[in-house]
């Protein structure tokens, strides 16, 4: 069966209620992403004013961290989708089993990531063209961040559990508290304020892991108090069928993120051909572009949660209604942000650097990315929709194809042979965005996602 984003599958009187549900879930998730963005901006701004080379090194180490945390992404996405479907199906026993097994997976992934700490130098050495301070900053930051992985793991999975239960407000509040703590500690530890020693890059990393452990403690208290998860009824032993379902749904998303993050690392190597200044401009451009991620992330989370819930109920009309209304909201928000980015690139870039050369090379690419928010709105909507129904494999395959046939080859040719520097690399990135979003949309419109949606619903029902 073929579908359309322009067709309303719901009775007109139900559309306002669906839109209200989406906004209710999306706004706190947007708020959480705003706070995450502010944390990223603060980190980048503090380090940018401390040393732009230190800022670039930290940017590289963060990309490596995103690559190595694939199991964490699997556990997080799997928890959100399976818990949402189980709640929609009204299966309390399945919800409890999935909740406990999500806790076990959070601890397991934290241990695995922490065990990678001794390999931090090896992981950074994949970049062959690094300069001295950039290389040393990247290695120092990654070593500290990996040592504190348990806090990241618990925060990510427990927040995902709450989103699956339809609570996006609590993760926002906890993220806000931890990020404001992080910003304070960043300033104090990077520059040596309020009695702290000046620690530079190490200070930024220590501030991050301390704040994440505080957040992990708060979220642990919250999920054990929540009635939906029934965790206080007693320990449920690890159950392979529940863990397998969480990972079956979440693992393709983890591989998708691994493929994307690996592509981003390759992309960074292409940028380093153009010079360290081009890479610094890229990091700043990504932070400016993150303004559009706020609405995209929030609405995508809301779509995943509601689609999962209605899929668990077996209500296809509401699944389609959520997807259509989510796309309309995403389009409205992201195009608005895109216009702002296009019209005012320089003031946004100056938040992160005062270096005239970096500002100049960043302006045009940032303006261009503002024009392509329409495609990013499609991409984020389709991600939320397909994941909510358990269709996590097709986005993974599409991302792999798009990264390796559009982003990387186009960027390499533009940078290496046309000498276009940062602009050339971002032409490759835009080609990837257009190709990826179009393929995901075509898959949704074809109706081929329905079989997996039914399978996800039936498997969750069996977990009780």
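Here the Cβ of each residue, glycine as well, is placed from N, Cα and C on the backbone.
Quick look at what Swiss-Prot lists:
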- 22-42: transmembrane segment (TRANSMEM)
- 64-84: transmembrane segment (TRANSMEM)
- 104-124: transmembrane segment (TRANSMEM)
- 142-162: transmembrane segment (TRANSMEM)
- 172-192: transmembrane segment (TRANSMEM)
- 204-224: transmembrane segment (TRANSMEM)
- 258-278: transmembrane segment (TRANSMEM)
- 288-308: transmembrane segment (TRANSMEM)
- 326-346: transmembrane segment (TRANSMEM)
- 358-378: transmembrane segment (TRANSMEM)
- 384-404: transmembrane segment (TRANSMEM)
- 410-430: transmembrane segment (TRANSMEM)
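For the transmembrane segment (22-42), the partner stretch with the most Cβ pairs below 8 Å, chosen from 142-162, 172-192, 204-224, 288-308, 326-346, is 288-308. The stretches the transmembrane segment (142-162) and the transmembrane segment (204-224) are in mutual contact, each linked to the other by at least three Cβ pairs under 8 Å (pairs 6 or more apart in sequence). Within the chain, the transmembrane segment (410-430) has long-range Cβ neighbours (under 8 A, six or more residues past its boundaries) at 267, 270-271, 273-275, 278, 281-282, 285, 361-362, 364-365, 368-369, 372. Counting C-beta pairs under 8 angstroms (sequence separation of 6 or more), the transmembrane segment (358-378) fails to reach the transmembrane segment (384-404), with fewer than 3 such pairs. The listed stretches are 64-84, 172-192, 258-278, 288-308, 326-346; of these, 288-308 has the most Cβ pairs under 8 Å to the transmembrane segment (384-404). With Cβ pairs under 8 Å as the measure, the transmembrane segment (288-308) is packed most heavily against 326-346, out of 64-84, 172-192, 258-278, 326-346.
Counting Cβ pairs under 8 Å to the transmembrane segment (258-278), the top-ranked stretch among 64-84, 172-192, 326-346 is 64-84.
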